[in-house]
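If you look up Swiss-Prot, you'll see Cys16, Cys18, Cys37, Cys40 marked as Zn(2+) binding site.
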Amino acid sequence: MKQGIHPEYKEITATCSCGNVIKTRSTLGKDINLDVCGNCHPFYTGKQRVVDTGGRVERFNSRFKIPSTK
C-alpha cells in the first residue's frame with residue numbers, strides 16, 4: 001500500500017439502543033449509535049411477525065376475475 005493516502009483505521013464502539021456494546025474497527029474514527037443489533041432485531045430474537053397478504057391477493061384476483069388456484 002502507498003503511504004499517506006489511506007484513512008486511519010481506528011477502534012470504535014457501536015452502541016445499540018438496547019444497550020448492547022460492540023467494539024469494532026472503522027475509518028469513521030468516532031463512536032456510533034445503532035437502532036438495532038443482533039441481540040434485539042426481531043429476526044434474530046424469534047419475535048418476527050409474518051404479514052398475511054392473503055386478503056390483498058384475493059382482492060386482486062376478484063378484481064381481475066382470476067380463478068382461485070386452491
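Using N, Cα and C of the backbone, Cβ positions are placed for all residues, glycine too.
Listed in sequence order, Cys16, Ser17, Cys18, Asn20 are the same-chain residues at least 6 apart in sequence whose CB falls under 8 Å from the CB of Cys40 (Zn(2+) binding site).
The binding-site residues in question are Cys18, Cys37, and the one with the fewest Cβ neighbours inside 10 Å is Cys18.
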